[in-house]
Amino acid sequence: MYGIEYTTVLTFLISIILLNYILKSVTSAMDFIIYRFLLIIVVVSPFVKTQNYGINVPITGSMDTAYTNSSQQETFLTSTLCLYYPIEASTQIGDTEWKGTLSQLFLTKGWPTGSVYFKEYTDIASFSIDPQFYCDYNVVLVKYNSTLELDMSELADLILNEWLCNPMDIALYYYQQTNEANKWISMGQSCTIKVCPLNTQTLGIGCTTTNTATFEEVATNEKLVITDVVDGVNHKLDVTTNTCTIRNCRKLGPRENVAKLQVGGSEVLDITADPTTTPQTERMMQINWKKWWQVFYTVVDYINQIVQVMSKRSRSFNSAAFYYRI
């Protein structure tokens, strides 16, 4: 009897010892695997270029971050300035060294050599299709033209504000604008926009949905169109999609690192009629028309005052970003 009990106890002890050994072996193996895995991650991570998404961080539209205005009581040692001008300016000046001259003049106002970039554009229409703002501060010179007032106004609305945009499939869906901040923005070589408002039965109001000739034409052969229709009403659209793209956009607020200087004209164009547009005449300024050398001299003289009403930003803006966020 005692032999059986001793055997049982001995078997139990041996089982415990064996189990403990197995657990230690497994633990050691797991530690080896984990440490080796972590070592591989540490070694490989510098060479892997992937996006860190964080933990469910919501994206609310604009990813721009406003910095404290650096123009208050210091020189612009860490800031960049882009000056956009029409090609006619360089043509009239006719001096291959004029940019270097202006850079030296900007230096006298606290802008180090190499911090000011000169960006040339052909005309308002082409600039509207592909605006690119890569500097901390961006100043756009636009010469007034009475025949281009609409283009100038829409360009100002586009570049002086941030927009959140999504693609539109006008072949499959009807669209409506929910409020005054909601606009349809079209860009392209030639944009002709026609709309047909619909009633609750999706029948055309004053138009026939199957006949685009009966649609209301709101833009003809333009390169930039910001379309505003009656809110809360579905619309069938007809757009020259082979030469134009259209996006459903929402105005988020002012883009404060961009200013527009109108050269000439009796008064600066006003885009504040839209109730969603924060009064921004501070970033829409006017210079009386003179020779282009005189215009640039004026810009140099007042550049620090101009920058005072702007805010430095950390991200660039180009036309690709426009389609989803500007």
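Placement of Cβ uses the backbone N, Cα and C atoms for every residue, glycine included.
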As recorded in Swiss-Prot, which of CYS135, CYS165, CYS207, CYS244 forms the disulphide with CYS191: CYS244
Candidate cysteine (CYS82, CYS165) that Swiss-Prot pairs with CYS135 in a disulfide: CYS82
Disulfide-bonded residues clustered about GLY206 (Ca(2+) 1 binding site) [Cα within 10 Å; pool: CYS82, CYS135, CYS191, CYS196]: CYS196
Neighbour count (Cβ, 10 Å) for ASN145 (N-linked glycosylation site): 13
Which same-chain residues, if any, lie at least 6 apart from CYS244 (disulfide bond) yet have Cβ under 8 Å of it: SER186, MET187, GLY188, GLN189, SER190, CYS191, THR192
CYS165 (disulfide bond) and CYS82 (disulfide bond), Cα-Cα, nearest whole angstrom: 25
For ASP231 (Ca(2+) 2 binding site), the number of other Cβ atoms found within 10 Å of its own Cβ: 12
Most Cβ neighbours inside 10 Å, all chains, among the recorded positions CYS135, CYS196, CYS207, VAL229, CYS249: CYS249
Winner by Cβ contact number (other Cβ atoms within 10 Å) across the binding-site residues ASP95, GLU216: GLU216
